[in-house]
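**Student:** Quick one: structure below, then a few questions.
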Amino acid sequence: MDFQHRPGGKTGSGGVASSSESNRDRRERLRQLALETIDINKDPYFMKNHLGSYECKLCLTLHNNEGSYLAHTQGKKHQTNLARRAAKEAKEAPAQPAPEQVKVEVKKFVKIGRPGYKVTKQRDTEMGQQSLLFQIDYPEIAEGIMPRHRFMSAYEQRIEPPDRRWQYLLMAAEPYETIAFKVPSREIDKAEGKFFFLQFHFKMEKPPAPPSLPAGPPGVKRPPPPLMNGLPPRPPLPDALPPPPPGGLPLPPMPPTGPAPSGPPGPPQMPPPAPGVHPPAPVVHPPTSGVHPPAPGVHPPAPVVHPPTSGVHPPAPGVHPPTPGVHPPAPGVHPPAPGVHPPAPGVHPPTPGVHPPAPGVHPPAPGVHPPAPGVHPPPSAGVHPQAPGVHPPAPAVHPQAPGVHPPAPGIHPQAPGVHPQPPPGVHPAAPGVHPQPPGVHPSNPGVHPAPMPPMLRPPLPSDGPGNMPPPPPGN
């Protein structure tokens, strides 16, 4: 066959392309164009099966190459199926309300001009830091508006050509215009204490004094003072209130306010006893005519005699025992603490109405020698000190000489072993607890001690030591 001389041919050229070749070339050109505009890998309906061919999941068509699938996507069948799928999804989807767009209300106000300002250059004396102080005047600022500021770079503004060497500080407050200050483009130190100011006022510590009211006529009460923080004023404190004792102890009783009775001055007063402690009782022992050795274990007492305090009288006639509620200690109570001196031997309670004599007036019993002054032997536990050479008498038994007159009428002598109580308002002498004989309760209210028989009356100081009969022989 002569391929060189066919009609329509050109010498030196190839043969005329057939129709199949022309179609293949066209499809290749379309595929290249489609790949430039469409990414086939992102198509949700494109799928490559296990045989190496391509499928369209929307139209369920099979394609041998990518160009065939791209030509299908541009065809009528694929486009119709896309429109049908979109309508079906729109119908099945629930009607959802469109999200409301947040509308920012533009503030509308009439600008009244630029505010006044003052700029001051400063330098820290310690650190050497440079700073700028901006003082902006906003005398007519809107109610509830606080001035705001921000830093703007040179590339954000549209007023001047951008220059990277400068930045702008903007200050805004309605209804004034926003103003800007051109400052060097350096880093701002925004540390605490370096950037902001705070101005504050202290509250008034004392309220203003109320106007003084004129003094009214006598007998008219003035209105009460105003309340302080809703609380009434505190009452005035007494002038002579003693300070509270240390250690949480109760306050001692107040001293009597009446005039002190006249009497001979005495030694300084001893401190009042602790609450619930009885005063020391004067132990009365009859003087003896002979000298007897002291009982074993008995220590001689101290020669120092503490008379009653100045201005304290003995109990008057008809004085009752102490107030109810005060019980004497039980038998066997220990003697007073160290530092408390027991009564001297031979000291008798004075008669009613007679002031106590000075210390050392009563003569000692014959043959009794007091110990050396300044010697204070410690009392032993449970043993009362006795005079040297004096036997402790039997409890509640005091022998009397025959012919001794009974006490005057109206005078209640104290029972043996019963401690006399001072009149009300008078504090006892030294603190200390003395044992009471069993069976005697002077604290029972309303009970008077029975008068002592004439033969058992305590000897009087006027009797003298020579008139004392010898003690009866012991059993």
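Heads up, the Cβ atoms here are built off N, Cα and C, so glycines get one too.
Here the structure is a predicted model, which means the values were calculated and not measured.
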**Student:** Which of the listed positions, Lys10, Lys77, does Swiss-Prot note as N6-acetyllysine?
**Tutor:** Lys10
**Student:** Just jot down the residues in the same chain as Ser153 (phosphoserine), at least 6 apart in sequence, with C-beta under 8 A of its C-beta; none if empty.
**Tutor:** Gln167, Tyr168, Ser185
**Student:** Counting each residue once, how many in the zinc finger (54-84) are helix, strand and coil under DSSP?
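**Tutor:** Each residue of the zinc finger (54-84) counted once, the result is 17 helix, 6 strand, 8 coil.
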**Student:** What does DSSP say about Ser153 (phosphoserine): helix, strand or coil?
**Tutor:** strand
